[in-house]
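J.: What TrEMBL records for His140, His311, His315 is Zn(2+) binding site. The compositional bias 'Low complexity' annotation in TrEMBL covers 20-33. The region 'Disordered' feature in TrEMBL is assigned to 1-39. Among the features that TrEMBL reports, transmembrane segment is placed at 87-106, 118-142, 154-175, 207-228, 240-259, 343-364.
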Amino acid sequence: MPRRLQPRSAGTKGPPGTTAAASEAASRPHALASGDSPASAKPLLRWDEVPDDFVECFILSGYRRLPCTAQECLASVLKPTNETLNFWTHFIPLLLFLSKFCRLFFLSGRDVPFHHPWLLPLWCYASGVLLTFAMSCTAHVFSCLSLRLRAAFFYLDYASISYYGFGSTVAYYYYLLPGLSLLDARVMTSYVQQRLGWHVDCTGLIAAYRALVLPVAFVLAVACTVACCKSRTDWCSYPFALRTFVFVMPLSMACPIMLESWLFDLRGENPTLFVHFYRRYFWLVVAAFFNVSKIPERIQPGLFDIIGHSHQLFHIFTFLSIYDQVYYVEEGLRQFLKEPPDAPTFLGTVGYMLLLVVCLGLVIKKFLSNAEFYSKK
């Protein structure tokens, strides 16, 4: 997923933390002087040869010529730029997940056809996963078309992540949460009485949670997109940390699974869910570390411009986290199909997703209509 550009102070031109590099580069003539023609511009540029809005923190070289045509953007995925592996580290997972979901829907050997209501939550989840990787690839490839289009692709990338987060919650709600003892009123009432000595009927509390989980996740998805779009303005000093925190918020919808493992024997009852759930969150913690710390390029600016910088590592570990998630969502689907409760409704699954698309579209339109949100970062 694309990264926000760090602002540079008025006295120092260049990525933060590269004062030495700035003094060295300041002594060199710019390749794109005012009299230079586009044809004479070298294919890859340094940070001091592109507009401030396009400079990435601690990345000194490997920038594409600005503005690029769509054809040049597509051709750049086969050239060693600082965006090339950002594209491939999500394009290859996109193909892998596309193949995975095609097998689940059409080649699984189940008696349930792909259009059956029981599979509607899986369609919501699959669309979120595929859209996230597709928008990430698109944003990284076409981010140098123009300043406005760059902002538009960033906003769409943020929106696709929120869409994926809500799609995950829909899949959890139908395939995973019904099998938890934590959300069984009889089990929880007995548990509270035995462990705490409280005579409390948990029926109402659990019913309230079930009724609110999807609406709350919906609001969080919209709010997260708004916060990430606003983080591209000067008011936000730590955009990477903010976005990482914001995108962690929807993951709180999976708290019942974590509580289940603490209060009950989830490892014994559902070892697949236990192992892959916690391994997924380990990958997410590692991904967040690289996204916020900007290691290793922070330690040695310029050395990891093309291969090995933090955003590529961030992509790899987010892919691993979603891979584990797909595994236990598929296992939850198998358990669901053994004793399916009431079939999910179209409005309660696809209807929610379509409404979210409309809301996220309105958010993006609002930000793009305000020049402040695409002229600074």
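These residue numbers are counts, starting from 1, taken along the chain as shown.
For all residues, glycine too, the Cβ spot is worked out from N, Cα and C.
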J.: Under 8 Å for C-beta pairs, could you tell me which stretch among 118-142, 207-228, 343-364 has the largest tally with the transmembrane segment (240-259)?
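T.: Stretch with maximum Cβ contacts: 207-228.
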J.: Would you say which of the binding-site residues His140, His311 has the most Cβ atoms within 10 Å of its own Cβ?
T.: His140
J.: Report the listed stretch (87-106, 118-142, 154-175, 343-364) having the maximum count of Cβ pairs within less than 8 Å of the transmembrane segment (207-228).
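T.: By Cβ pairs under 8 Å, 154-175 leads among 87-106, 118-142, 154-175, 343-364.
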J.: Near the transmembrane segment (154-175), which same-chain residues lie under 8 Å Cβ to Cβ, leaving out any that are not at least 6 residues past its ends?
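T.: Here the qualifying positions are 1-2, 4, 121-122, 124-129, 131-132, 134-136, 138-139, 143, 213-214, 217-218, 220-222, 224-225, 228-229, 232, 243, 247, 250-251, 253-254, 257, 325, 329, 332-333, 335-336, 344, 349, 352-353, 356-357, 360-361, 363-364, 367-368.
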J.: Just how many other Cβ atoms lie inside 10 Å of the Cβ on His315 (Zn(2+) binding site)?
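T.: Neighbour count, Cβ to Cβ under the 10 Å cut-off: 26.
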J.: Six or more residues out from either end of the transmembrane segment (343-364), which same-chain residues have a Cβ under 8 Å from its Cβ atoms?
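T.: Cβ under 8 Å, 6 or more out: 117-118, 120-121, 123-124, 127, 152, 155-156, 159, 162-163, 166-167, 170, 174, 214, 218, 221-222, 225-226, 229.
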